[in-house]
Amino acid sequence: MAAATFDTRKHVGVYAEHVSNVSSTDYPGHYPHEDHSWDPDQFRQKCNVQVNRLSNRSIDFDLVGVDASIANAFRRILIAEVPTIAIEQVYVWNNTSVIVDEVLAHRLGLVPLNVDPSFLEFKESPSIQATDRNTLVFKLEVTCTRNRNTPKDVTDPKMLYNNSEVLSSDLRWVPQGEQEEIFAANIPTPSNPNIVLAKLRPGQEVNMELHAVKGVGKDHAKFCAVATASYRLLPLVVLNPEKPIPPSSAHKFQKCFSPGVIRVDPVTKEVSVDEKNLRNESMSREVYRHVEFEDCCQLARVRDHFIFNVESEGFYPPERLLPESIKVMRSKIATIKKAAEGLLASKDSNADVEMAEG
Amino acid sequence: MGTADDEEHDWEQLNQTNWRGLGVTDPIKNVEDKWLLLPAFLKVKGLVKQHIDSFNYFVDVDIKNIVKANNKVTSDVDPRFWLKYTDIHVGFPDRTDLDAIDKSITPHECRLRDITYSAPILVTIQYTRGKNVVKRPNVNIGRLPIMLRSSKCILTGKSEAQLARMTECPLDPGGYFVVKGTEKVILVQEQLSKNRIIVETDPVKGVVQSSCTSSTHGGLKSKTYVATKKGKIYLRHNSIHEDVPIVIALKALGIQSDKEILLLTAGNTEAYKLAFSANLEDAARLGVFTRHQALEWIGTRVKVNRKVVGPRRPAWEEALEALATIVLAHVPVNGLDFRPKAIFVATMTRRVLMCMDDEKMVDDRDYVGNKRLELAGQLLALLFEDLFKTFNTNLKSAIDKVLKKPSRTNEFDAFNTMQFQGDHITSGFVRAISTGNWSLKRFKMERAGVTHVLSRLSFISALGMMTRISSQFEKTRKVSGPRALQPSQWGMLCPSDTPEGEACGLVKNLALMTHITTDVEEEPIIRIAYMLGVEDISLASGTEIYGPHTFVVNVNGTIIGLTRYPTRFVTNFRRLRRAGRFSEFVGVYVNHHHRTVHIASDGGRICRPMIIVEDGRPRVNSGHISLLKQGHLSFDDFLRQGLVEYLDVNEENDSYIALYESDIVATTTHLEIEPFTILGAVAGLIPYPHHNQSPRNTYQCAMGKQAIGAIGYNQFNRIDTLLYLSVYPQQPMVKTKTIELIGYDRLPAGQNATVAVMSYSGYDIEDALILNKASLDRGYGRCQVLRKNATLIRKYPNGTFDRLADAPLDDNGQIQKKYDIIQLDGLAGVGERVDPGDVYVNKQTPTNANDNTFTGQAAAVPYKNAPLSYKSPVAGYIDKLMVSDTENDQTLIKVLIRQTRRPELGDKFSSRHGQKGVCGLIVNQEDMPFNDQGINPDTIMNPHGFPSRMTVGKMIELLSGKAGVLSGKLQYGTAFGGSKVEDMSRILIEHGFSYAGKDMLTSGITGELLEAYVYFGPIYYQKLKHMVMDKMHARARGPRATLTRQPTEGRSREGGLRLGEMERDCLIGYGATQLLLERLMISSDKFEVNACQECGLMGYNGWCPYCKSSKQMAKLTIPYAAKLLFQELMAMNVVPRLILDDA
């Protein structure tokens, strides 16, 4: 097997007490006395994105052939800079629930909304007038009453009372101005209708007006477009042909890895790595704990193979998240590019160049 | 031949399969879950049983004894009159409002309305009215504040639902009082035991003394010493001017012959005889041979303080009375039988002799067995006795006053006089408990700071306060003895929970299972002792008392008799106790050094339950435990069946107690119920405390009380001065059994933070923590601060009253900004935001409120504004507003203002291992490192916190917490037990993690893997009440003090930051004179004065009033304080003169 050799250029070494060769060179992919000048064709050949798993709420994909800085940039943008809509202002008309106004407002803010942010503009500061272009209005009006026709011995509050819980589904969108037409296809609602916001008992009510605006995750976690966005490097297990695993401890060796990573031949008890399941290895370094497996294998991770896991909880379907982050990245690059060109143009004037926000 | 036989026999013994049903090779059967006795114990006794039991004893028993001792009121005027109290009892708390229909009251109403939760004290009286004897039951003589959850409290025995209806928290332990709306605790006071002989030495002076503080049930206390002075022994007492040579004292007590004296003190021991003989010579030299001579000798030296002037009594009578009633008052003198007292003095002398011979025979004052704890009941009993006696003397003089009148229109009824006695008892109780000053002249008691306000900072702080014991030693003394950890504290007092600093070791806390005894009547105990074969001491001579096989039997320090079979006696005595023939709290033990048997039935001894072991097997077996689990047995059944028993410290030291069942040997007498009960309630919160360096546990005990969390199920109904609440409290991932027992899992104070132990950014030095901003956005560490503001709407004696007004309008007819939340009733609306400076109660007071001559219409008086305005620099919200009446019909308004705070830079956090730190940096989520699963830490902690602190328990907590999260279970970190590291590692491995708890992290900044593996998992973190927002302070300009015109001091007065003496020294050293001048005068209190160069005095406007001229006037700038000093000196006839010179 060709992959089964450790190469410091390609791999990050995983040892019992440390990780080696974590960084690539100062110029990733460049080495002294070798020509690695950037070639779009070569890049196109090397760079590869492959979706492994896609569900309603999450996506697993591999990003291969880029440097950690690029992969990390996407991760960071996903967390901090992909815009979403969340409730920002809460106007409390009445709240007689046990949860106080600020806490309920905080909880409301964290409710993910199913709204396409591209339809709204940023409301840059609270002093700017709220318009139908930058603000969505929701109403929350819930009153708890006693349910008259429940049997005597029932103790479940859900049956005893009407509206014993304020749920995210109780949020009612109130269209403003042109919004009715713009959002006709996709009525703004919370993306999860079952979030308990407060509990009520007969006589208590909640009556508030909520204003949702567009924002980014670095301002507040409620604007975060993803639930998680993270990656790990592809694991690699390199067996040492010099020192094979004794058949007696083959199963013990197998147990040191995640299920399916190590194959044991039922007859010969010969141990081999299952390349297909290798990505499932959790890198628990359990092999290094056992003296008898010393030098039997080497753990490593592939430097440029990023296994992304992105979970979405808001508006974006998981497969749209990476393109969104690329969009943000491109706009950032465009800003830099413009500023750099401006810098070149006014080389002599020595003046500062305004960087427009992208 | 014989040896071979013996060997064979031995082998047979070993091979015997059945020895009490157990083979030698059979595994020792453990009683599974014997710790379940602990919850059973707490169910019966509760967490603050000591306070409640003590109070119950007072209201049910002691109060009756006090009245019995003072039950008669007679008149000096009419000898035929008498009034007798035949019975007394305390009722249940009720409402004092006269017009109330429903008289029931809840403690919570008392808290809210600033009234006292008290119950009437009702007596039955019998008295003469004319020629008849009248009986009147249920006469109210005053009100007694009632301890919550005591037998007189309405909360006792109520279900959770009933408590909820009364807005009371079921987890609240009770044991405190509600007086004028504040919750007051009477702390447990630690004292040296009474009526016991304590022998001490002073190695510097070479003095040996045995002392005994006598205390009888009348509150009289006196201390008697028998001490050496220049090799001879003397008896010393406050009421005798001079030290009495011991032989004279003994002769006066009726032991006339020198031989008998020698036998009673030195016995037949040669060394003691030799040491004592000098004393006999001493008495002979003083010419004292007979009892009469001895009494005469003492009588001339007795301090007489007689009020009644009568014929002077002969000296020997004075001596007789002093010896009978004042010296060693606790030893009974029946008729004129001084024998028991003589033997007691002789015993004290013998103890001195023993100690002179062998220094090891001294007693240890700090030994817990020599301590008694004084509780609320005892203190209240003293207070009541004092108040009741004063009540009776007042009643007597009032009755005398009436009876003195020669002719009365109607027949005299003492009941009516009693009704007009005022509220002396009620106000006496309320004053004492609310101020904490117990000043009882009658009992020579002058104590301040007996009561404390119950700290409601967190549930734990309230609980910790209820178990606190304060010592009577003054804090300034630099002695280590009383502060040191005593081995005898084992299981009784918590070894960890003590404050740092000046009160270290003096303030202690009770361990989880301790109980404090109340008084048990001693007469029946003495009878039982006699029945078990004790010979009366009065019949014994010195030879018998100190005979080779005799043991002296003491009951509560008084010598009652002798026994020749101490072991048999003690065994029989214990058997009777285990059979429940007398109180389980009577202790008995043998002291082999002094060859005595002690029986103790007095109150204030610390004791704890233990499983009885007989013949090498614990009496509690699995069957009992399973019955307990099913609820068929309670803890009291265990006691009644003789399976467990209470041991006090002295008896504990006379027992052989196995910690675990495997430790039981043939001589074992008892088995511990559970080792972790050595810790108290507060130290019980720490997971794996047995892996920590011990001071760390002590630090956590102090910090656990400052943690913000939930304080009670009724927290939203409370209006406390200051209330800190956590928005999202969580129960810890790693619990302890104690946590479940005290209910910390239901009222937690902290959150399970995911912690990465690594360094990050450099803003984490000196224990600073890095926090994840996204975690804070999502609610981590969020807390609420609620502050009470109260005001009274008064009615004044002249008929005027305060009023509430609606918001005034300004010139434009607009409501001013600061009044914008005031509604029509003059109060702010609930839920409104209060900005700094806003008015939330628009109160107005009449301008002539204190003018008593005012007679006009109350409505027409001019009013001035006296609004309550919001002082804090950060806006809050009106949480609650209460309008009510106090006891004296003043309208009370309480406003609760709430702030919700998210953690910010500088807020203080702490884990449960004494590892506190402030937030040093708040980092965006994308910059935080993450592991393979994509988990970001909530907190990053610097690993330098570990090596010097050695808090291994924290590391294990992380490991167990991580395993718990992965397996979906809560883990236990109970002291001396808990989840094992091995098991935790196995769970981690099973879930694909490293066994060591270290994860491979990726940097959020570079996106590359970190070179080291990082210890990563959940640790329970507490947010402490110290927050930057409450401390932050700076000033450029601001207010000045009126007198000195210098800037004010302190944050609350917006004060300046002082350039102190040491800073001044630095500037002087540096030579920065102009800076000094600026800091100390120009920026502080510069003042221009006119001074006369002629006379050197200060003038004004260029005029010297002394010289009557303006010729020589000069202007100069001096500190206002200096000018003030000159003027004050002049007021004292000292003339300071300014001699001016050109610089």
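Cβ coordinates are placed from backbone N, Cα and C, and glycine is handled just like the others.
As annotated by TrEMBL, domain 'RNA polymerase beta subunit protrusion' applies to B:46-417. Mean pLDDT for the domain 'RNA polymerase beta subunit protrusion' (B:46-417) in this predicted model: 87.
TrEMBL lists B:194-374 (among others) with the feature domain 'RNA polymerase Rpb2'.
Annotated domain 'RNA polymerase Rpb2' per TrEMBL: B:453-516 (among others), in sequence order.
For B:553-614 (among others), the entry in TrEMBL reads domain 'RNA polymerase Rpb2'. Sorting each residue of the domain 'RNA polymerase Rpb2' (B:553-614) by its DSSP state yields 13 helix, 28 strand, 21 coil.
Summarising the annotation, TrEMBL assigns domain 'RNA polymerase Rpb2' to B:635-667 (among others).
According to TrEMBL, the domain 'DNA-directed RNA polymerase subunit 2 hybrid-binding' annotation covers B:682-1053.
Residues or ranges marked as domain 'RNA polymerase Rpb2' in TrEMBL: B:1055-1140 (among others).
Most Cβ pairs under 8 A with the domain 'DNA-directed RNA polymerase subunit 2 hybrid-binding' (B:682-1053) among the ranges B:46-417, B:553-614, B:635-667 are made by B:46-417.
Helix first, then strand, then coil: DSSP counts for the domain 'RNA polymerase Rpb2' (B:453-516) stand at 17 helix, 12 strand, 35 coil. Broken down by DSSP into helix, strand and coil, the domain 'RNA polymerase Rpb2' (B:1055-1140) contains 32 helix, 21 strand, 33 coil.
When the domain 'RNA polymerase Rpb2' (B:635-667) is classified with DSSP, helix, strand and coil residues number 13 helix, 7 strand, 13 coil.
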